[in-house]
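Undergrad: Would you mind keeping the following structure in view while I ask a few things?
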């Protein structure tokens, strides 16, 4: 639609009567002298823009400037209160006045409901203004104008003051008086405390009884007074109003004077209202008011470019041809019976040329989040002006392809996200719009973000919910679990809802929250529905009416982190044949590669909502989407006529997938119970026209029944029985959830289902079994999140989240709970003794506060402290954050620094080889074992001098001890060289007996002999002989494969001895510790033989 710019061009006042029997004064206006003798003591005209929160009093009373709470816009002589702002009016000038008149020009934008446009009375004491009040509500829940005073007074307070109201539209007489109007109107209430009467007037006409009896003294009965515009002392929602004028008189003016007030101002008010409604330019049909401020309005056009239907107020726009000039149209409004006329100029632009149509269609194309694409997305193939739009991927063809769209007006761009850790990738798309013979092109660039790294496991939960129809209800709140416990919760944002609606019915119910298929984006859906104050339709009230002329839209938000959310999207998904679009949820279907969004709708055989006098029944309906921007046409999913009561069908489906199987649970509205089904095909339909039971609906379908009457008859844990429920939320329990279940099922049991008016938890250890246990006894009401109005969660969703996601939510909405850091924790113990861990952890919170809280530690395996060293123990702080903590445990052993270390032998002659004598370690009379109890290291053990052997405790021992041994210099001129023998021993000592079939005993003896020679011999001839014998024995080894120990230079996967004595056996066998018991025995024997040979030499 073209931009609507308001502009009035002329005004003429006639002399005829405005309404039958009403003669208009020619000179009176809102700005002229008062048409009655009384003048207001408090008066706010809102004719001037606000420069501060103070609204100047234009009446006679001193110290009566009003104060605005919130930011409000003043334009066209009105202040716009959207529900986020109220005005406080000083009462000093009113106090003690028995006779008062309050007269207000306002337009009600709230609809029907429990709210207040104006209030003078007592402040709240306890929960309610028990000391009494006067209250004006332009439209009570029954759709009647309400102006009442109470018989409750300061002298006679009442804890249910609404029950003492008198006046039209009162709580106990809600349909008395006159029907509400949504037009600008004058509401005048005359209070005569002197005569104990009250009268109410709408547009100068008396409403209801001539007078209503009130307590003598009027407002003086209510004690200390407060006064408001836009709210009352009740905790009801603030009203939504355009307030044009607020005036208080310190007298009870007469009925005649009330009429004079109206007559003097009505034409100016009506004309001002029309001025704000007429656009300066129009490219399509628009609506003109046919009445304002109680005055009828007739219209006349001087140009065929705009034709006006005075019966409906529809202005039908016909744009001049593209080759013609723009049309300037004068619309003349006549107020009442020719009493006043006003002329307005509206420009009707000529039609666009073909090329302009194509360009305009391309200019209107946007790709949402084009710089942050994390999924497939849709692009349009039809322009707003009728162009056909074709698409081509011109850059990044390896990561983006075009495919069939979710509907006939779109195509899907399928993207392959870059690998985790990679840079984002760029894709360019060329769009070509064709309108008749004209074509235009435009290039779009999008950025494809890399796929997230392997995601952390889920360790907590976030809960989205609403609390009902009352105060604070029909808005969305979030809660966070206390760590990995789905049965204990933190209230967030001090119990104040986080999401309100700007569109549609301006109420939010049944929020559903989910992760994207890749886990790095969140979507939240909600029902567009406001039951509180909803006007009836053809006798259908509340929920019934909402299923006949309810919304065809759902509300959508998107976020990357559960804290920063997109603007609300108001998206039509139902057809015009639907009467409602309730409880939308979604699940990603891997088979079709799209999200499936499903909800409940009553479907009708016509699109005329006003003709619907009887409900049909709820079907489950679904659409598919790539991106929650563009959607397919709706398809019926579950169609079973369960009418026993009006509208009964199937509603509130919730889905989880386990392996290849989808499980869904939903409400059967006939029995008001929950049922469970399963299928491997998510979008397979069941039922159809005339099907009245689920058994017939499931025949031949891909779905089968798993369970019915889930939870029915079990104690709900809140003093009652679970009989009926709705709004089920099915979700997987996290690994490590303290309660140990596989899946949870939270079911809403409102008061009208004999429940606690909040969720009742159930759980199972096997979802396939359909066996659900009600566990309300494990989730007492103290564990529920609770809003500031006392409301607890109704229909919503529980979402498993990672610790990082959970942490971000706590920091944003519960900083006193969120933990920013934990002081280091440690403990010490000795080998074999279980450590005593710290009882508390010192936490620093996101708001700067600190706390010391108890810790619940994981069990410790005794093996962790069976030897010296350090290990880590995990635990959970027992505050509301359930912050994971760790303690580092140091394990010390028996100190061996006092042990006796003996080196044997303890004297060597330097020969260029490292000396490593055998070591014996004794402590307190016990001989320790090398490896198990200690390790050995040698220093300075090659050159002559004092060498050191150091033992370091192991296992249950710690510390060090050492001994020294001597290395003497060799005789002068000595050329003793053991290096080749040492190298050969080092090479072959790792051979494994199990690898050889023969030659091993001779090899082991030669090795033992060589090791003894290395330790003791000072004769080069003996050294050379030992080298030769060891080399020969190694060469004669025969492996079990049949090969001899000689090598041909090829690597057969095992190390072998070399073929030449001087090769130092470059290829060695598989590693083994020593040569086994046989080698040890032979070593001893070799030592004896060596000694004998030396004596014989």
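Every residue gets a Cβ built from N, Cα and C, even glycine.
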Undergrad: For the annotation transmembrane segment in TrEMBL, which listed range does it cover: 1047-1069, 1070-1092?
TA: 1070-1092
Undergrad: Which of these ranges is annotated region 'Disordered' in TrEMBL: 1006-1036, 1037-1067?
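TA: Here TrEMBL associates region 'Disordered' with the stretch 1037-1067.
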Undergrad: Going by DSSP, how much of the domain 'Atrophied bacterial Ig' (280-348) is helix, how much is strand and how much is coil, in residues?
TA: 0 helix, 38 strand, 31 coil
Undergrad: For the domain 'Atrophied bacterial Ig' (357-449), give the DSSP counts of helix residues, strand residues and coil residues.
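TA: Helix, strand and coil residues of the domain 'Atrophied bacterial Ig' (357-449) number 7 helix, 47 strand, 39 coil.
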Undergrad: Could you tell me how many residues in the domain 'Bacterial Ig-like' (824-877) are helical, how many are strand and how many are coil under DSSP?
TA: 4 helix, 29 strand, 21 coil
